[in-house]
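Remarks on the structure that follows.
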């Protein structure tokens, strides 16, 4: 067979990374230099990078950003001390003009400038004695001209994304906890605008009809609404066992309604009412 080729002795070795060039150049450049093995860092195992491991000192220096050490005043948005500035300024509104007029009449400057300087209709001499307390009471009386609007009152909105409504009462009209339930007993629902307008139009038609008949529409309509509301509150509109509409509804001696099939299934387990746990004896 063929003889295997022997490696040449004068072949130059590849320079390792980080090795000085003096080992590759000079009189002993062709000779083999023993390489000292370097222990690998265990932290570099299973790394997803082909580059070398950087020193921690260099990494920290590249991530830090030095501060300019300049003090910047803090700017508030929506602060509680803000005031609305959409109305007339406080030194030019009706209250300020009235206060200046009262002061001018009290110290006599209105008489001194009479016939010399025209200061407008608000600076005319008043022969009716007015006090500053009357200006303060203007918000109740409204007899001293326009009222200065409040600058600190702002409207807020709250959206309840998690209304704590009792699920049992909303779906079935009955809750075993009764008045001690911590959730709201409300079966109301949101209506669209056209539904509200339709109900209002029907209500107005009934009102006009009662007016034509010579009856008092308001009192009678209130009585009807109260009766309908009371009837709706006392009405159980779904079975509390299957949580569905009634099918062959039956009434127990305690006044609760169930589907006939649901009541029979519940009677096989216990003879007590499913809602109030009162003994019914199957009736």
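Yeah, the Cβs are placed from backbone N, Cα and C, and that goes for glycine too.
Range 205-229 is the one annotated as region 'Disordered', of 180-204, 205-229, 230-254 (source: TrEMBL). Here the domain 'C3H1-type' (160-188) has, by DSSP, the following mix of helix, strand and coil residues: 9 helix, 2 strand, 18 coil.
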